[in-house]
Amino acid sequence: MSAKAISEQTGKELLYKYICTTSAIQNRFKYARVTPDTDWARLLQDHPWLLSQSLVVKPDQLIKRRGKLGLIGVNLTLDGVKSWLKPRLGQEATVGKATGFLKNFLIEPFVPHTQEEEFYVCIYATREGDYVLFHHEGGVDVGDVDAKAQKLLVGVDEKLNPEDIKKHLLVHAPEDKKEILASFISGLFNFYEDLYFTYLEINPLVVTKDGVYVLDLAAKVDATADYICKVKWGDIEFPPPFGREAYPEEAYIADLDAKSGASLKLTLLNPKGRIWTMVAGGGASVVYSDTICDLGGVNELANYGEYSGAPSEQQTYDYAKTILSLMTREKHPDGKILIIGGSIANFTNVAATFKGIVRAIRDYQGPLKEHEVTIFVRRGGPNYQEGLRVMGEVGKTTGIPIHVFGTETHMTAIVGMALGHRPIPNQPPTAAHTANFLLNASGSTSTPAPSRTASFSESRTDEVAPAKKAKPAMLQGKSATLFSRHTKAIVWGMQTRAVQGMLDFDYVCSRDEPSVAAMVYPFTGDHKQKFYWGHKEILIPVFKNMADAMKKHPEVDVLINFASLRSAYDSTMETMNYAQIRTIAIIAEGIPEALTRKLIKKADQKGVTIIGPATVGGIKPGCFKIGNTGGMLDNILASKLYRPGSVAYVSRSGGMSNELNNIISRTTDGVYEGVAIGGDRYPGSTFMDHVLRYQDTAGVKMIVVLGEIGGTEEYKICRGVTEGRITKPVVCWCIGTCAAMFSSEVQFGHAGACANQASETAVAKNQALKEAGVFVPRSFDELGEIIQSVYEDLVARGVIVPAQEVPPPTVPMDYSWARELGLIRKPASFMTSICDERGQELIYAGMPITEVFKEEMGIGGVLGLLWFQKRLPKYSCQFIEMCLMVTADHGPAVSGAHNTIICARAGKDLVSSLTSGLLTIGDRFGGALDAAAKMFSKAFDSGIIPMEFVNKMKKEGKLIMGIGHRVKSINNPDMRVQILKDYVRQHFPATPLLDYALEVEKITTSKKPNLILNVDGLIGVAFVDMLRHCGSFTREEADEYIDIGALNGIFVLGRSMGFIGHYLDQKRLKQGLYRHPWDDISYVLPEHMSM
């Protein structure tokens, strides 16, 4: 959502910090917060003025008309404040229909004043600009300010100066206070603009001879402007409306939402309720809540929420487990219902999101059965068949009753089933699988001939425009036709999947050439990107610079902007500098409303139509589609969006626009054009803009509008119909009717879906539309029936002529999508069994990285997982780490370290220097671990005694690997060997090979004291003992790891630490290029050459 209410304390804190005015504002920062946990001694220490001044106390919990409700204590001493708070603090209170606990109060200095010194000031945002209201009689009895106050509209990008304030607002204000008031209101407006407020009311504003006092303040800020205002706002809190508690689960989901590109929302309405929802889509979530309330479930509705924007499997798992946890805390005598609903997704992989929900259901299967939960599922969109399949499977395997439905079932039908208002079908009809649409040959089956318009052309010569004359449909310069079969677009953003979807749509519509001419992506250089046009591969240019793209593609008149919310404004502003662009679609959600209004103003000046922000876009069947609109090809074909029908629609929601595609295709001859204007409070183009376009488009025979709670745009349709400007039949339904039934305000999924006054409620708008002559169903459940009824009447009157269906061309399926659907298989080029990075978290040999840290497995444990696919005993992990420590380095003189140093001093980088050192490891340097392990193992396993082994090796003239040291001896032992030997003997369950090697050492050292078991030999034999006797490996596995060189890996890994150390050491010491001295080189040349 966008506009969010803040507490009075937060509002005043920001005001006192950042307002700039010549008026003397008194009592700055003089307020004290009191809660049930307040330490009064500490409070007095922080606010000593509490003891010396008369005080005012009031709740700060977004409660309106506190004075009228007797919730303000005035002119009290500190003891009086405490007495006043005693029966109220922490107690339950009822305000209107809402009941809640009073637990947050504000104490401020009492300001003695007269009624004549009280004024009313309010600033609030609208599409056209910001209204400033002023009334010279403020206070508790101010009354209907809309009717009484002086009002001034400050247009977008305009400034409010003191002279205008005096002239238009301060007409009835006392002369001696006009200057102070003008300065304060001017500063207040600038403060309101700079900190992205959407509503700011002060009542009363008191002006005395001492200065200005802000007594009571109410405010809302645009929460989407957080990235702009973070420095000034700080960590701002948004309290829930009075009567609704702030639950930790709501905060948890809000935190998930903030960290995700997807949208995740949760509001708890009644935690003891019986009916729970988990709905995909901002618009769909409102429709489901409406239907539940319409069918009498308002008192049992437990939550409102939605997930959308393609959340990952892990995100939907976290969201689902939160809801399942909440609904299984308290039992209900009638059991509970979970509605997992949603419209037809445009781009969300339904199977992926459902797999997250299925995981959560499996985890909570015990509590779900215990609480007698029945689950109803309805969804459509990409890969939805697989999603429904896994959902049905989990019902069978867990024994939880789960009823699963797809696009063949009306979206809200499951609500009626869940509440017992309609029967649950035993075998619901199943929609065709994706492959059936995409892989069948065009002529393989006979094509039915449903009703549709007689011609595929955009307009027919025998069509007659409406007879009634009226003002032009669009603002001057804006075209009634946005898209045609020849429309060309530029896509801003590296959205290859969306572009391929547009090209597939173009191909199935039999367009002559692709609709995407170029892409703009400022983060790479100019290049070309490969796409498919049917079977062929084509290249589409990608430009770093928008100017280059526009210059090289003058035929383009549409820009589809996939820029993020932070850059969408700037990129759209830049786009409007090019006269060739007539339509811009802004996909991003979360653009601050103040910036959107600037976009709208410039678009109106330039004659540009903006669709969005916060939209999936729009579609004109047979001609053009924006980005992901209409979903994947299976939905395009199922909803017959490859050719035009007779019905045009406009909605706010992208998901609901796809649902309308489905409803319209099932009840009429199909869609002529459909636009989702976006869920923000100020969409770039309005319902009326598009309705008037449709009215003036000959091919459109009827219009469908899916309105929404919030705003007043739908009333313009009422006026258009009553004044005769709109003559075509209009079917309209405004979603959000349930809002009137809730005791406290609910902000629905879309930023604009919140009524600020009675006229903005869905109920009021539906009633007005009906009275104006618009076809209005009784509920969304009946929308399809009304559309069908109006359509059939038009067919009966001959307005729409049935025509033969023409099959679309076959489009090849993408390989990656076909593989995901399980339609094809191909041998993988690579196989891996140790690590999987594809999911929400990294997995080492089946163990999530979080578990690795939780179990404190350390480097040895991780090495065990990655090298051996085993979770090794703790002593084995410790032994591996000790091996890495003792092999880490052996000074700069050894060949590997020497090479590393030479390379580093030659100016090479770390990787080159490290590699040069590692390349010296072999039989002569570092390779003795493997050789020692193999040699001792072979001797031990063959059954020969140590003396026989020594004699045999001597006879064959071979060295015993792992025996001998240049410096160390039996009299000067190697401490590395001693440490490891002690550890192994103390912790290993058995050490037969180590014992054998030590017996060999006794024989060799009796001949020469430096023929000791060295560190390579000890690690080699001890490692074999570990593999064979730790219990994690079979004998075959242990032998295989020795054969494939696992032991050399220990030396390579350990010594890499030392080599890197030598590299960093040389760089730190700033050593220059090394040249070996001549006197250390013996030049031995052939005699005849030296002569």
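We number each residue from 1, going along the chain as drawn.
The backbone N, Cα and C atoms fix where each Cβ goes, and this holds for glycine too.
As annotated by Swiss-Prot, active site, tele-phosphohistidine intermediate applies to H750.
What Swiss-Prot lists as ATP binding site is K58, R66, G67, P109, V111, E118, D216. In this view, P109 (ATP binding site) is surrounded by 16 other Cβ atoms within 10 Å of its Cβ, with every protein chain counted.
In the three-state DSSP scheme, A262 (Mg(2+) binding site) is classed as coil. Summarising the annotation, Swiss-Prot assigns Mg(2+) binding site to D257, S260, A262 and lists similarity to another entry as the type of evidence.
Marked as citrate binding site by Swiss-Prot on the basis of similarity to another entry: G309, N346, T348, Y364, R379. For R379 (citrate binding site), the Cβ neighbour count at a 10 Å cut-off comes to 28, with all displayed protein chains included. Under the DSSP three-state reduction, R379 (citrate binding site) is assigned to coil, being neither helix nor strand.
F775 (CoA binding site) carries a strand DSSP state (E or B). Applying an 8 A CB threshold to same-chain residues 6+ apart, the list for F775 (CoA binding site) reads P729, V730, V731, C732, I786, S789, V790. Residues or ranges marked as CoA binding site by Swiss-Prot on the basis of sequence analysis: L769, K770, E771, A772, G773, V774, F775, V776, P777, R778, S779.
According to DSSP, Y131 (phosphotyrosine) is assigned to a strand segment. The phosphotyrosine annotation in Swiss-Prot covers Y131 (among others).
The feature phosphoserine is assigned by Swiss-Prot to S263 (among others). Counting Cβ atoms from all protein chains shown, S263 (phosphoserine) has 20 others lying within 10 Å of its own Cβ.
Feature annotation from Swiss-Prot assigns phosphothreonine to T447 (among others).
Annotation comment: Swiss-Prot describes S451 (among others) as phosphoserine.
What Swiss-Prot lists as phosphoserine is S455 (among others).
As annotated by Swiss-Prot, phosphoserine applies to S459 (among others), with the evidence given as similarity to another entry.
Summarising the annotation, Swiss-Prot assigns N6-acetyllysine to K530 (among others) and lists similarity to another entry as the type of evidence. For K530 (N6-acetyllysine), the same-chain residues lying six or more positions away in sequence with a CB closer than 8 A to its CB are E537, I538, L539.
Per Swiss-Prot, N6-acetyllysine is recorded for K536 (among others). For K536 (N6-acetyllysine), the count of additional Cβ atoms within 10 Å of its Cβ stands at 8 [all protein chains shown].
Here Swiss-Prot flags K544 (among others) as N6-acetyllysine. In this structure, K544 (N6-acetyllysine) belongs to neither helix nor strand by DSSP; it is coil. Around the Cβ of K544 (N6-acetyllysine), a 10 Å sphere holds 15 further Cβ atoms from the protein chains shown.
What Swiss-Prot records for T629 (among others) is phosphothreonine, and it gives similarity to another entry as the kind of evidence. When Cβ atoms from all protein chains are considered, those within 10 Å of T629 (phosphothreonine) total 32, not counting its own.
Over all protein chains present, the Cβ of S653 (phosphoserine) has 31 other Cβ atoms lying within 10 Å. DSSP assigns S653 (phosphoserine) to coil in the three-state reduction, placing it in neither a helix nor a strand. Annotated phosphoserine per Swiss-Prot: S653 (among others), in sequence order, evidence recorded as similarity to another entry.
Restricting the recorded positions K58, P109, D216, A262, K968, K1067 to those with a CA within 10 Å of the CA of S779 (CoA binding site) leaves an empty set. The sparsest Cβ neighbourhood within 10 Å, among the listed recorded positions (R66, K958, K1067), is found at K958. Each residue contributes its Cα atom, and for Y672 (phosphotyrosine) and K58 (ATP binding site) these two points are 57 Å apart.
Of all Cβ atoms in the shown protein chains, 13 besides its own fall within 10 Å of the Cβ of G773 (CoA binding site). Neighbours of N346 (citrate binding site), defined as other CB atoms within 10 A of its CB across all chains, total 28.
Taking a C-beta cut-off of under 8 angstroms and a sequence separation of 6 or more, G309 (citrate binding site) has the following same-chain neighbours: S260, G261, A262, S263, T348, E589. For the pair formed by G67 (ATP binding site) and K536 (N6-acetyllysine), distance between Cα atoms is given as 73 Å, rounded to the nearest Å. In the three-state DSSP scheme, K530 (N6-acetyllysine) falls into the strand class. Note: the CA-CA distance between S653 (phosphoserine) and N346 (citrate binding site) rounds to 11 Å. Per the record's binding annotation for ATP, residues K58, R66, G67, P109, V111, E118, D216 show a top Cα-Cα distance of 18 Å.
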